[in-house]
There are 2 protein chains.
Amino acid sequence: MADSVTTPRGMRDFLPAEKARREHALRVIREVYSAHGFDEIETPAMENSERLYGGLGGDNEKLAFAVMRRALSADDLAMAAASGDPLALADLGLRFDLTVPLARFYATHRGQLPPVFRSIHIGPVWRAERPQKGRYRQFVQCDIDIIGETSTIAEGELFAATSATLEALGLSGCTIRLNDRRVLSGILRGWGIPVEHSGRALITLDKLDKIGADKVAEELRELGITRADVASDIAALAAADWDTVRAAPDWLDPTAAAHLLALHAAFPDIQLQFDPTLVRGMGYYTGTIFEIAHPKMGYSLGGGGRYDGMIGRFLGEDVPACGFSIGFERIVDLITLPDDQRSRAVVLVHDADVSVTTLLALKRSLIARGDRVRLERRVKNMRALLDRAALEGFDVFSNVTSGSGDASTLEFRSLR
Amino acid sequence: MADSVTTPRGMRDFLPAEKARREHALRVIREVYSAHGFDEIETPAMENSERLYGGLGGDNEKLAFAVMRRALSADDLAMAAASGDPLALADLGLRFDLTVPLARFYATHRGQLPPVFRSIHIGPVWRAERPQKGRYRQFVQCDIDIIGETSTIAEGELFAATSATLEALGLSGCTIRLNDRRVLSGILRGWGIPVEHSGRALITLDKLDKIGADKVAEELRELGITRADVASDIAALAAADWDTVRAAPDWLDPTAAAHLLALHAAFPDIQLQFDPTLVRGMGYYTGTIFEIAHPKMGYSLGGGGRYDGMIGRFLGEDVPACGFSIGFERIVDLITLPDDQRSRAVVLVHDADVSVTTLLALKRSLIARGDRVRLERRVKNMRALLDRAALEGFDVFSNVTSGSGDASTLEFRSLR
């Protein structure tokens, strides 16, 4: 029977060892982001449907879990059946990202926030995706955003905080790939792609890593591209570097180029790569876009960009904003938990007849010395029990009988 | 427009000051529980409907938020309309407590857990209650449970861990009220209340604090009570203490009495009160039940009990279990955040023309010294900006111009 008792499809339990790693990562992330001047906020798991399905979430809106209205009547059900629209029965939905809730939060509380607001926003999000390796229906997002800052100092602070966090997690040597939506627009314009097809052209260009320059060029031709040798253009773009930016080619938006160079100058010790083929999916980006990667990993560990038009959507006015989202679920798989900082983790193995009073008094005095303490009743197979405790990070054990004195008289033996 | 942009009804945002207090409380709770030998686990926010609505949650099941199946067809809607059952459209629900998920977790992973499993389980739960002061539709529960231990050592470890946690949060001097479901059964039996009415009789007795002994007696008479002077019985019960337990009156279940006295002996330094009128609502309790209160508060700060029949429900066999749930939302309102442990929180006030490179280099060197650093661009009304920073916990500020040298040349002035 037990085999059939599982979590909902695509959702996970975390057992102690993995949960400890997750909490360690969250502690480090919070600490470093806080040192960098960011302040943590929290928003609820649900948002009202009309905001969640307001068009800010792109394709992710279609993946939202809808929450049914309470006390639905027979009439409500009949009306939904007649209209064929199940969403008529839902008034709430589970958030599918933290960006829509952040925009809503900012609109709700703007008067209480500083002019430049640096937020840490961490929490689970839910998407009804087809479950597959490394993709879950509930997962943690971990965002920092700077709202109210137009200058590239915002991007700079995000890069500094994010790379310091990854370093503190033991993932040093990361590389940030950097581009700007205006650079991409300039490239598409140079190729003669009509503005109405630019969205589809970017989706195509985004597949460069997977399908190669020739295939991208072929797909772009279907979008009405006028230029002959696009494949070699693409190859040239993929080879671009900071010298390319300094050379100020025609297709390079000059404002974007100035921003990119300012950021490059500010990070002598971070690997900052200019990559004019970097796209990033979300349609709301308006300026700089970036992704962070580790040399040992074939995939991005996070990314973000500037999205000046979006945060103000619920306010009715534009507010500049820039954010970086680290891929928590990917990062947590890469880190190792440092040795516990407590002096010792102790197992007290006790006979069944030792009184509650004695056991709790011993436990209390060991905890007061800084130990972590677990009680275990003596069983026949002590070896298995102690081996398991050692695996779970315990260091020593001691035998407690009804004749044991206080904690100072206990003898401890190593579990390793 | 901004006024109308709110969280869903009964759900809250947390701004930085309150979020910091919540995270501080969670850190302390995790640290103390861990020292006491408990291990944290995590379960998803949702469970499959058939488990969530399986009868383990009592009245709370009715308050669950139901999550709609994805890709509902017109047929599905028509069938739900015909049956009049909206839950036919839901396959998942948001958890309304952490006990049902814990029982499900244990059934799923029993083979990987130690024979006596001490869990920390912290997370949001959701209930569609009518919002009112202090009652929310999303709130954090914070449970410890010991699964697999029949002896009162389980209760003892829960009391020790919980009172140490409250003390670490600055809430010392708490009192634990203690009773046993078997004591209550003995009392009802003595009064001649038929077993089939014992549930209703307990609900009545639970109202003693609110309606008084006379009114309780009156309601009990309607349940077929045979004894004449119930009101004075109730008054005597309310006055019971440890001497009452030692005197072993007829109505006191002897096994329960022995357990209660063992616990009393083990806690010379915690205020442990015997209260035979303590009921606690949930029907799944089978033995000891308890509530923790602070002398300054008129309400309980948490509670729990033994529920030996429940954890094994999904396993198909009984497993002993005992848990303590602290009232996180109440506790977090009572604590004050300790002064930040970092050496300083620094505001760097900079002119608009200072380069990103200079600002980030200054920020980096101050953070490396252990400072928390926020950048602020110089504005006309500097007083307001600095006052706000002081309120938000910043200690000093320094002015940065394009001519500023490195961090060692900055002068800092107090914000206090």
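Every residue, even glycine, has its Cβ placed from backbone N, Cα and C.
Curation does not apply to TrEMBL; its annotations are automatic.
Feature list (source: TrEMBL):
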type    : residues                                                                              : note
DOMAIN  : B:27-336                                                                              : domain 'Aminoacyl-transfer RNA synthetases class-II family profile'
BINDING : B:Asp97, B:Leu98, B:Thr99, B:Arg127, B:Gln141, B:Asp145, B:Arg280, B:Tyr284, B:Tyr285 : L-histidine binding site
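Taking the features listed in TrEMBL, we show where each one sits on the structure.
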residue  : record                   : Cβ contacts under 8 Å, 6 or more apart
B:Asp97  : L-histidine binding site : B:Gly57, B:Asn60, B:Val125, B:Gln141
B:Thr99  : L-histidine binding site : B:Leu56, B:Gly57, B:Asp143, B:Tyr284, B:Tyr307, B:Met310, B:Gly323
B:Arg280 : L-histidine binding site : B:Asp206, B:Ile289, B:Glu291, B:Gly303, B:Gly305
B:Tyr285 : L-histidine binding site : B:Arg181, B:Gly305, B:Arg306, B:Tyr307
Recorded L-histidine binding residues, B:Asp97, B:Leu98, B:Thr99, B:Arg127, B:Gln141, B:Asp145, B:Arg280, B:Tyr284, B:Tyr285 - maximal Cα separation rounded to whole Å: 22
Where B:Gln141 (L-histidine binding site) falls in three-state DSSP terms: strand
In three-state DSSP terms, the structure that B:Thr99 (L-histidine binding site) belongs to: helix
